[in-house]
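The structure appears below as structure tokens.
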Amino acid sequence: MKSLGRHVIVELWGCQNIDSLQAVEEAIRDAVAATNATLRDLQVFPWEPYNGVSGIAILSESHLSIHTWPELGYAAVDVFTCGEHTNPEAAIPVLRERFRPQRMEVMQVSRGMIVD
């Protein structure tokens, strides 16, 4: 069987720099570059009263999103890419370097399974 895309879900706990719009935006840009995806649009928004940040990159190949809860030290990340030339797992070292989590959980889902 073949899949149309791969979806990597990353749970980050005990993070640093997740209350900064600039840090989240830079992490998204670097993660997109690492996956070899094509950035089409990027939006980053602050959330009050906890200084959380949400950012989403629209990719030619799908999307990458980050949502943060600084009061909990937690960030939720989705990296969904389609196409043989992309590697969503390549975002993981970027996230680790940028946010320095104490704990990280990674789940992978194959999307759009096609029977050959």
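Quick reminder: no glycine exception, Cβ is built from N, Cα and C everywhere.
Annotated active site, schiff-base intermediate with substrate per Swiss-Prot: Ser62, in sequence order. Sequence annotations record features per position, and here Swiss-Prot assigns active site, proton acceptor to His67 based on sequence analysis. What Swiss-Prot records for Cys82 is active site, proton donor, and it gives sequence analysis as the kind of evidence. Under the heading pyruvic acid (Ser), Swiss-Prot lists Ser62, citing sequence analysis as support.
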Rounded distance in angstrom between the Cα atoms of the residue listed as 'active site, proton donor' and Ser62 (active site, schiff-base intermediate with substrate): 6
Candidate with the highest Cβ count within 10 Å, taken from the active-site residues Ser62, Cys82: Ser62
DSSP three-state assignment for Ser62 (active site, schiff-base intermediate with substrate): strand
